[in-house]
Each structure stands twice: as C-alpha cells, then as structure tokens.
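**Q** The structure under discussion is supplied below as structure tokens; questions concerning it will follow.
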Amino acid sequence: MQTNDPHALWETLRKGLSSHLPERTFHDWIEPCKAVNFDGTTLLIQVPSPSARIWIEQQLAEEFHDVLVQCDLANLRLGFMVAGDAKAPAQPAKTKSTHAAVQETPLDSPFPQGFHRYTLDRFVVGPSSQLAFAAANAVVESHGKPNSTLNMNPLFIYGGSGLGKTHLMIGIGKGLLAKAPNLRVAYLKVDNFFNELTIAIRAKNTEPMRKKYQQNDLLLLDDVQTLGKMERTQEEIFYILEYLLQYGKQIVITSDKPPQRLEGLHDRLITRCKWGLTADIQPPDFETRVAILRKKLDDEVFKDLPEVPEDVITFIAHKAKGSVRDLEGLLTRVVFQSSFLGVSPSLGVAQEAFLGQTGSEATASISMERICRMTAETFNISFNDLMKKKTRQQVILLPRQVAMYLSRELTAASFTEIGNSFNGMHHSTVMNAIESVKNRMQKDADFHKLVHSLLNSIQ
Ligand SMILES: Nc1ncnc2c1ncn2[C@@H]1O[C@H](COP(=O)(O)OP(=O)(O)OP(=O)(O)O)[C@@H](O)[C@H]1O
C-alpha cells in the first residue's frame, strides 16, 4: 500500500483489525485510538490512557502483526502514545544494535518491523530452552563462516504454544540483520503464505511469489504444524526450501511438534525438516519464570509506572506455570489493573487480577459444542445438520455462520480451531462466515437482536 497519510494507513489497519479481533476487543481497545503521525517509517497511534497502551502493546502485538502482513504493510513500524502526554512520542523500544539495521532492510523483504521485543538478548534462557537458544545464537555467529562443522540448516525449533519459538526465530533474523544489514530476510507464517498463495493461484500467477521467497538469505517459517491439509501450499514451500538449501541459504522452522510427528506432511518435506538441527523448548522452571518477569519489566512501556514488588513477581511466577504468554498476560493484567485503579501493584491487586484471569478463562471454556447446540436449537435445526461439512442449504448455512461468530466471540479459539470443530473447514471460510454475520448484524436490526440474545443466553 503506497500512502503517507497516517489516517489512511490507520483506516486500513482498523479495517483489518475489525475482522481479525472479537467485536468486543475491537470496540474496547481499537475504536478509541487514532493516528497522529507518520514519519515514513513509524505510524504513531494515540491511545486514550496509559493502561490502554499497556494492554494494546502487550496483549495485541501478534494480532497487529498478522493484520500488517495481510494488509501488505509488514514494513510499517507502529508507535503508541497516550493522549495528552506532553512527552516525546513513544516509539517502539530500540535495541542497541538492531534498530538501524532493521530500518535498512530492503523494502520488499517481508521481514516484520514490529516484534521489537523479540531479540536474542531479551530472551531469558533456562534449562528448558538451553539447546534452542544456543542453536539460535550459533546460527547468528556462524554467519559468513562456511566451515562450521555442525549442520544447522534448517534449524527446527519445536515446543508448546507461547514458549518463545517465534521470539527466538525473529531474534535470529534481527541478530543477522545487525551483522549484515543488506541480508534479505523473510518471515513467513504458514497461514499467511496460504492466503497469499490462494490470491496468486486465482490470478494464475504464482511465479513472482515463489521468486520473492527464493531470493532470501534467511527464511523464517513459522507454525509448520498447520501445513497438514494444504497440499498446494506444501508443494510451493517444498520448492522454496529446496532452492534455498541448494544455495546454502539459512532456514529456520518452528512447529508445535517434532518433524516426525507432523501430521499430513509429505515425507519429502519431513525429511527436509529433519535435515539440520532439531531443538525443543519446554515450559520454564520457577527461577526462569521470575527472571522472565524481571526482564519484561525493563520494557519501555513499564518504565514510568510504579515498581512491581518482589512478592508480586513471586506470586505471578507461582500462578502462571504453563506458557510464557500466560506469564506475561498475568503480569500485564496486574500492571494494567493497578494503573487503571491508580494504585501501586500489590499482592491484593495481583490476587484479583489472577481471579479475573481465571474468570475470563471460564468464559473461554464455554465449549463450542454448547454454542452449536444452542444455536441449532434457536434456529430449529438439528445439531448434526449444523455440523455437516457439505451443505448449500440456506437454512443451515446461516445458523452455522452464527455459531462460528459466537465461537469467536465467546471462546479463545483461533479461526483454524473453529474450522477444525466444524469438520475441518478452512480458516478462511470461518473468517468469511464471521464477516458476513457482522455485516448482516449491521444492516438488519432483528438479526442483530437475535444474535445478541443468543450470545447472552449462552454466557
Ligand atoms: N524465554 C523467554 N524469555 C523472554 N520472553 C519470552 C521467552 N519465551 C517466551 N517469551 C515471550 O512470550 C511470548 C510468546 O512467545 P512466542 O510468540 O515466541 O511463542 P511461540 O512458542 O511462538 O507460541 P505459538 O506457538 O503459540 O506461536 C512473547 O511475548 C515472547 O517474547
């Protein structure tokens, strides 16, 4: 997209976010924001309060990234400032050595300009991530040293959700760009590649896309576990990987499982994945969780806020034992809640924030089955009909779209997960269905009322 108008850029992002985020999240956090400046690199967005800034920067970063990519704005940097703040506008935190290099990335290189926190020096290493971290550093260090004995191409990092795979991968990209600013680096999420490929296939022109990825010196391929049923996407990715490996270009791949357990992947692709070094990441232990929280509190966004006391840090590290994303989420919630109430973070606030989170998890655990059963009942059709994959009957299509919309509003499920619950429907079908319900709700007051009363009765 070619424009220097901050309002036009923000409008494009807003539209993308409105179909990407649950309606309430969009309404609460995005609606009140506005664009204030664009300096050719960074779009500066004004948010209504310090607490809103904490929430948007910490909790919605990944959603912003996905929408930037979808809108062809991967090179755009985002900065957030609080309304009425007389200080210099807040820019994304810059790491010592990477900022200049990242800005010099060639414009057509699809390496994200966001994710400013995802550098190797901000990754807290513990026993459960030692090998993956060492391998990530080795990839950066061995660049330009062809005689390295260990084959780390591809580097395959796997582990559960929210454990730092993307962080490490982007950290490698940033580390290499800091050493060699002219390097061509591409970051690719499999879902985004699928969407890009679908458009290219429709236009009967897939060659430029293949070339775009084949010309890179480093390819970062995120979330390959979703490749399972995507035959044509697998084929394209295979050719890109083959080409890059043939020319000695570095590849980094992430997944939630090791190569041999990836379902639906062609053997030749699994073989490529296993070719180099495979390293896993497991959930961090207590000491590492504390260290991650401390490191996180160094973030620019927390700088001018009251200090988080030691007992609160320990409390959070005890409560959030699973993914680092949950750990960060609870910390954000505590700081957000304190800032919102105008009090210092304390054990009391932390306990409330923890209970609040458990509460929202309870909402998230409203099962999709319950949503579908109640939707089917409301529209007077059978549950089995609602879940059938192939139907063109309008009496079924509309309730199904509504059930998908409600699943997105009432659970934490992704588009892909919702699609899977509907007999393996593709995530783009789910996104279209949700979009069409939203449009209809805007135009048809009765339909709006019906969906809302159904939503309230499910909650
Ligand atoms: N060891 C760590 N040190 C510091 N931050 C971490 C660490 N591990 C994870 N994080 C942070 O946790 C969040 C989630 O990490 P990330 O997105 O890399 O997870 P992921 O493994 O790629 O998850 P998913 O599979 O769901 O995409 C990020 O904000 C990241 O910076």
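Positions of Cβ are set from backbone N, Cα and C atoms, glycine also.
Pulled these from TrEMBL:
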BINDING   G162, G164, K165, T166  ATP binding site
DOMAIN    151-287  domain 'AAA+ ATPase'
DOMAIN    367-437  domain 'Chromosomal replication initiator DnaA C-terminal'
REGION    1-86  region 'Domain I, interacts with DnaA modulators'
REGION    339-459  region 'Domain IV, binds dsDNA'
**Q** What is the total of other Cβ atoms whose distance to the Cβ of G162 (ATP binding site) is within 10 Å?
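**A** Summing over all protein chains shown, G162 (ATP binding site) has 17 other Cβ atoms within 10 Å.
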**Q** Which has the fewest other Cβ atoms within 10 Å: G164, K165, T166, the binding-site residues listed?
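**A** Relative to the other binding-site residues in G164, K165, T166, T166 has the fewest Cβ atoms within 10 Å.
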**Q** An 8 Å radius from the center of the G162, G164, K165, T166 Cβ atoms defines the neighbourhood of the ATP site; name the other residues of that chain inside it, in order.
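**A** After dropping the recorded site residues, what remains is G159, S161, L163, H167, L168, T254, I281, V324, R325.
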**Q** If you average per-residue pLDDT over the domain 'AAA+ ATPase' (151-287), what number do you get?
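**A** The predicted confidence over the domain 'AAA+ ATPase' (151-287), as a mean pLDDT, is 91.
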**Q** Using DSSP, what's the helix, strand and coil tally for the domain 'AAA+ ATPase' (151-287)?
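**A** Helix/strand/coil tally for the domain 'AAA+ ATPase' (151-287): 69 helix, 26 strand, 42 coil.
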**Q** With DSSP, how much of the region 'Domain I, interacts with DnaA modulators' (1-86) is helix, how much strand and how much coil, in residues?
**A** 43 helix, 17 strand, 26 coil
